[in-house]
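Lifted from Swiss-Prot, the feature list:
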TOPO_DOM  1-26  topological domain 'Cytoplasmic'
TRANSMEM  27-47  transmembrane segment
TOPO_DOM  48-76  topological domain 'Extracellular'
DISULFID  Cys61-Cys68  disulfide bond
TRANSMEM  77-97  transmembrane segment
TOPO_DOM  98-102  topological domain 'Cytoplasmic'
TRANSMEM  103-123  transmembrane segment
TOPO_DOM  124-132  topological domain 'Extracellular'
TRANSMEM  133-153  transmembrane segment
TOPO_DOM  154-163  topological domain 'Cytoplasmic'
TRANSMEM  164-184  transmembrane segment
BINDING   Gln167, Gln303, Asn309, Asn339  beta-D-glucose binding site
BINDING   Gln167, Gln303, Gln304, Asn309, Trp410  alpha-D-glucose binding site
TOPO_DOM  185-205  topological domain 'Extracellular'
TRANSMEM  206-226  transmembrane segment
TOPO_DOM  227-291  topological domain 'Cytoplasmic'
TRANSMEM  292-312  transmembrane segment
TOPO_DOM  313-329  topological domain 'Extracellular'
TRANSMEM  330-350  transmembrane segment
TOPO_DOM  351-356  topological domain 'Cytoplasmic'
TRANSMEM  357-377  transmembrane segment
TOPO_DOM  378-390  topological domain 'Extracellular'
TRANSMEM  391-411  transmembrane segment
TOPO_DOM  412-427  topological domain 'Cytoplasmic'
TRANSMEM  428-448  transmembrane segment
TOPO_DOM  449-453  topological domain 'Extracellular'
TRANSMEM  454-474  transmembrane segment
Amino acid sequence: MKKSSKEISSSQSLKNGGSDHFFNTSLMYVLAACLASFIFGYQVSVLNTIKNFIVIEFGWCTGNKVECDDSTLKSSFLLASVFIGAVVGSGFSGYLVQHGRRFSLLVIYNFFILVSILTSITHHFHTILFSRLLSGFGIGLITVSVPMYISEMTHKDKKGAYGVLHQLFITFGIFVAVLLGMAMGEAPDAKSVDALGEFQKIWWRLMFFFPCLISILGIVLLTFFYKEETPYYLFENGKIEESKKILKKIYGTDNVDEPLKAIKDAVEQNEAAKKNSISLMRAMQIPSYRNVILLGCILSGLQQFTGINVLVSNSNELYKEFLSNKLITTLSVIMTVVNFLMTFPAIYIVEKLGRKTLLLCGCAGVICAFLPTAIANQIDSTSAFVKNLSIAATFVMIISFAVSYGPVLWIYLHEMFPSEIKDSAASLASLVNWVCAIIVVFPSDIIIKKSPTILFFIFSGMSILSFLFIFFFIKETKGGEIGTSPYITMEERQKHMGKSAV
């Protein structure tokens, strides 16, 4: 019996590890990029378990109150410096990705080799602060480069699932950073004057060096195995046959006319936008474009006010208010394991439930976690029940974030903007995200020492605001074509881009 063309196409797709399966050629490219996501998570969390060891080795706090207050301020700067650097990096990322998505990843990996070496040999506050600022700069580049690479290197039906891998590897990096920190032993008090052991003096430096090894692996993969640029970038630069070739790998079939046409349409729209000078500044003067940019920036900024980066970068300090030193790092490790594992469900439900529904569920989870906890702490923060409730609340929050706001935001930011402003608008939204991270993380050390209840009230209140904002203003993007936006009609875009955008 003669097979139909559909059957032949299907069998060929299976033979090539096509798009019907989660594990296929496209996934290999995505994983090579997600090593940068791992570095992102690792760098954000690495100070969580070793910060106090650094304070002791550098002798920032030896018992004098003024000296120790100054030490707390230094610790706050070290925590926030990554996010300050990320603001600059995310602002620069839009320029970098214009030279190639794969190229930007190679720049990032080479950059982190240098940064890892610099951080591991530091001996002074100013040098470690500078190296942490550089780490943040690299992270800022990652926030735009990796999601864009994944979005353009992925089958249309897998964009959501593969997009979640960016967040999954971030959580894995967070987990590994805290796990390696366990080798340092019991979390010390920053005011301790006891000298560190030889192993501890070496180990915290090796922890800073570790991303260098991951970066080398990333360079090897992108240089020798996954050498192609994204099909969108290739087509945009006139390399149509090369674009078609990589699309065949991604889709697992020789028939790639439909995705090629989608890229062609998106590139033509983008070309028309460039001819008509739809810059970010001009877009902000056009109501329809300004609205979608503001929505993306607000959504991105609100993510930080769930409190995620306080838990990721400073959970040890928070848990000190509720636990003995012996259990602090262990609990932080358990928290990062939960964070990592609970990102997996998002891979499967992001395409089933959609982006908006997941965002709403995540905000509701944070509200349910922190609001009762804040009220309970206000009534009696000394009771064992309230302390246990506070610890449980952090886990409920982590679970809620891991399956929703964490992975979905970065997918959404690359689906909500039309192609003519996508690069610059996504970069601006990422920049806003990092500015808000600084606002939240920098005072966290001081606020935790004063009263964790304040943080619980802030995070629950902002999550209520986030829920209302998403419910009333955010639209679904699931299943949308590349380069389109549910917020701006093609007619509206043509009005500003010209008829050539059709």
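Backbone N, Cα and C atoms are what each Cβ position is placed from, and that goes for glycine too.
Overlay of Swiss-Prot annotations on the structure.
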{"residue": "Gln167", "record": "beta-D-glucose binding site", "contacts (Cβ under 8 Å, 6+ apart)": "Ser37, Thr343, Ala346, Ala402, Gly406, Pro407, Trp410"}
{"residue": "Gln303", "record": "beta-D-glucose binding site", "contacts (Cβ under 8 Å, 6+ apart)": "Tyr405, Gly406, Leu409, Asn433, Cys436, Ser466"}
{"residue": "Gln304", "record": "alpha-D-glucose binding site", "contacts (Cβ under 8 Å, 6+ apart)": "Asn433, Cys436, Ala437, Ile439, Val440"}
{"residue": "Asn309", "record": "beta-D-glucose binding site", "contacts (Cβ under 8 Å, 6+ apart)": "Val44, Phe83, Ala437, Val440, Val441"}
{"residue": "Asn339", "record": "beta-D-glucose binding site", "contacts (Cβ under 8 Å, 6+ apart)": "Thr171, Ile174, Phe175, Val312, Ile398, Phe401, Ala402"}
Count up the helix, strand and coil residues in the topological domain 'Cytoplasmic' (227-291) according to DSSP, in that order.
46 helix, 0 strand, 19 coil
Excluding Gln167, Gln303, Gln304, Asn309, Trp410, please set out which residues of the same chain place their CB within 8 Å of the center of the CB atoms of the alpha-D-glucose site, keeping sequence order.
Ser300, Ile308, Phe401, Tyr405, Gly406, Leu409, Asn433
Stretch with greatest number of CB pairs under 8 Å, the transmembrane segment (103-123) reference, 27-47, 164-184, 292-312, 357-377 candidates:
27-47
For the beta-D-glucose binding residues given in the record (Gln167, Gln303, Asn309, Asn339), what is the largest pairwise C-alpha separation in angstrom?
16
In the topological domain 'Cytoplasmic' (98-102), how many residues does DSSP call helix, how many strand, and how many coil?
2 helix, 0 strand, 3 coil
Can you tell me which recorded stretch out of 133-153, 330-350, 391-411, 428-448 has the most Cβ pairs within less than 8 Å of the transmembrane segment (164-184)?
330-350
Same chain only, please: residues at least 6 beyond the ends of the topological domain 'Cytoplasmic' (154-163) with a C-beta under 8 Å from a C-beta of the stretch. Say none if there are none.
19, 22, 26-27, 30, 147, 250-251, 259, 262, 347-348, 350-351, 355, 407, 410-411, 414-415, 478, 481-482
Reported in the order helix, strand, coil, what are the DSSP residue counts of the topological domain 'Cytoplasmic' (154-163)?
8 helix, 0 strand, 2 coil
Run the contact check on the transmembrane segment (27-47) against the transmembrane segment (391-411): 3 or more C-beta pairs under 8 Å, excluding pairs closer than 6 in sequence.
no
Cβ contacts under 8 Å made by the transmembrane segment (133-153) with residues that lie 6+ beyond its boundaries:
26, 29-30, 33-34, 36-37, 39-40, 43-44, 81-94, 96-97, 101-102, 104-105, 107-108, 111-112, 115, 118-119, 159, 162-163, 165-166, 230-233, 246, 250, 410-411, 413-415, 423, 426-427, 430-431, 433-434, 482
If H, G and I count as helix, E and B as strand, and all else as coil, what does DSSP give for Gln304 (alpha-D-glucose binding site)?
helix
When you look at the transmembrane segment (428-448) alongside the transmembrane segment (77-97), do they share 3+ Cβ pairs under 8 Å, ignoring any pair fewer than 6 residues apart in sequence?
yes
